[in-house]
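*Asks:* Just passing along the structure, written as structure tokens.
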Amino acid sequence: MMERKLTILYGSQSGTAQDLAEQIWRESKMYFFRGTVLPMDEYDVSELIGERFVVCVCSTYGQGEEPDNMKRFWKFLLRKSLPTDSLQQVHFAVLGLGDSRYPKFNYVAKKLHKRLLQLGGSALLPVGLCDDQHDLGYGAVFLPWINQLWDELGRIVPLPAGTHKLPESPREFRWQVDIVKNHQGMVDREGIDLYADVKMPNGFQTVVVENRRTTAPDHFQDVRMITFEKKVVPWCSGDVLYVRPHNSKESVSQLFEIFHQNEFNLDLHTCVQVKAIDSEMPVPSILQNPLPLVAIAEQYWDLTAIPRARAFAVLAKNCTNELEREKLIEFSRYEGQEELYAYANRPRRTILEVLLDFPHATKSLTLEALFELFQPIKPRAFSIASAVDGGKLQILVAVIEYKTKLSVPRRGLCSHWLKHLQPGNVINAWVRKSTFQLPVDNKTPLVMIGPGTGLAPFRGILQERELSETPTSAPLVLFFGCRSSTADFHCEEDLKRMEQSGMLQLFCAFSRDQPEKVYVQHLIRKEGVLLKKLLVENGGYVLVSGSSKNMPQAVKEALIEAIGDAQHIEQMIQANRYQEETWA
């Protein structure tokens, strides 16, 4: 049989691109391909010339940036010295993960596709542009794209006569997992930090100094200003702090209760060893030593994640109950994505709730299957709300809790973990550059629009200007919005002090303090004279931060109306003088 090698590389910021790359790798086994699946920066890029088939899966971060684990790979590909026929025997396919609310939608994938063509590669199929905004999520583009990939590869390297595609992947599991019987040398569960040896660029350990609620006690939303001791790692205003949360004690107890109900021989003291099956899918460093299962349940598996199609395929595998099995198979297929969306995504059903809904399937799970079923906990990002010179590292966190049609309220994994941190707790964190690029000249006017916790990066920027040796001469304008001047006016003292000193022009929209609702966009519309002067005559910047739902679009429309020139706003976007940093 002809050598069938398919190399799969990914650039992943939050882990989703890695998930999809692994799914392509798993399916490739049904067509008898072999080959590794690796982060781009762990692949020896000089070997690219010798490849025949390569699939790249990459996400776009912020304003068109590539993920951290593909930066070196990308830099190498951009070398001017590379001959334009370097990759002439390479057939490649690029799948991008992005969010169409951002102007640079899937920028990284488009750029990579173009560069591989310039170097002589031939594209197996058009670049796949997955969109987080689609009702069915990334699957809407990914599932048809991957089927097209197998068709195309089947045309170029058909299976030999008499060989047929396998009905399912022989590599059902990434790794082999064994229970370690005598683990006397194990540390107690409290003392284990799975990520202790993982070195992040700009990574550090820090101590919680204060965890203060900034909203009124009777206000519906709990917002926290969390202060950490300042670390040697420097940051700039607008930069982002990343943390990796742990599951709540309730979730961990619930998981072990499910194990107990289903007579799995697994308890808090069970110790496991994860082993590689072959070199194609190595075990991540954090899982290479024998570990107590409780540490994995607390720090590695995301017990609140909404399961993807893959989880339902794993559950269906050995399920003995016909009804459950049919439903699970439907959820795992492309044709069943709308039903899956209605069952899992809309009500935001967690993986633990799914295990309770499908008791027969849960009963037949194995340790290997659990490592397929649970997604790893992804790091979360928060804008830093303080200046380096202030001597404190602070973040502003809205604690997420809301009702769906399910009886138990939905809770944000990370915000609830942060809410319960106590002064003295030590956490691991790292800092990344902001997606905001501030003007080099600090005489350039800044118009900042940050409702709710969108205020965070602007408080950092303003604090930095306030503490700097050279007093700021640029006009600084802030549009802030919240429900009520008495309930959720974050950082009120700071903002009023800056306003009184004359360094800041402050416009506040308190939506519920009067009969008709007033939002930031209403105030923007009224300030046409000021905004025209700052943005059209004086070349100012607009920075927008906050929820990505309707606010960014409403703000853009209000600005167009205020200055009366849609084209000027478009030119500002092109010139990077209009920037958004928003989150779902």
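Every residue gets a Cβ built from N, Cα and C, even glycine.
Annotation source TrEMBL lists FMN binding site at Ser12, Gln13, Ser14, Gly15, Thr16, Ala17, Ser59, Thr60, Tyr61, Gly62, Asp132. Here TrEMBL flags Arg348, Arg380, Ala381, Phe382, Ser383, Gly412, Leu413, Cys414, Ser415, Trp583 as FAD binding site. What TrEMBL records for Thr453, Ser511, Arg512, Lys517, Val518, Tyr519, Val520, Gln521 is NADP(+) binding site. Feature annotation from TrEMBL assigns domain 'Flavodoxin-like' to 6-150. Sequence annotations record features per position, and here TrEMBL assigns domain 'FAD-binding FR-type' to 201-439.
Map the listed features onto the structure and describe their local environment.
*Replies:* Of all Cβ atoms in the shown protein chains, 23 besides its own fall within 10 Å of the Cβ of Ser12 (FMN binding site).
Annotation for Val520 (NADP(+) binding site): same-chain Cβ neighbours under 8 Å, separated by at least 6 residues, are Ile449, Pro451, Phe479, Phe480, Gly481, Phe507, Ala509, Met551, Val555, Ala558.
If you average pLDDT over the domain 'Flavodoxin-like' (6-150) in this model, you get 93.
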*Asks:* How many Å lie between the Cα of Arg348 (FAD binding site) and the Cα of Ser59 (FMN binding site)?
*Replies:* 23
*Asks:* Measuring Cα to Cα, how many angstrom lie between Ser12 (FMN binding site) and Ser415 (FAD binding site)?
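*Replies:* So the Cα of Ser415 (FAD binding site) lies 23 Å away from that of Ser12 (FMN binding site).
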*Asks:* Taking only the residues the record lists as binding FMN, namely Ser12, Gln13, Ser14, Gly15, Thr16, Ala17, Ser59, Thr60, Tyr61, Gly62, Asp132, what is the largest Cα to Cα distance between any two of them, in Å to the nearest whole number?
*Replies:* 15
*Asks:* Using Cα coordinates, what distance in whole Å links Asp132 (FMN binding site) and Ala381 (FAD binding site)?
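*Replies:* It is 17 Å, counting Cα to Cα.
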*Asks:* If I take the Cα of Lys517 (NADP(+) binding site) as reference, which of the binding-site residues Thr16, Tyr61, Ser383 has the closest Cα?
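*Replies:* Of the binding-site residues Thr16, Tyr61, Ser383, Ser383 has its Cα closest to that of Lys517 (NADP(+) binding site).
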*Asks:* Hey, what's the Cβ neighbour count for Val518 (NADP(+) binding site) at 10 Å?
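*Replies:* Taking every protein chain into account, the count is 15.
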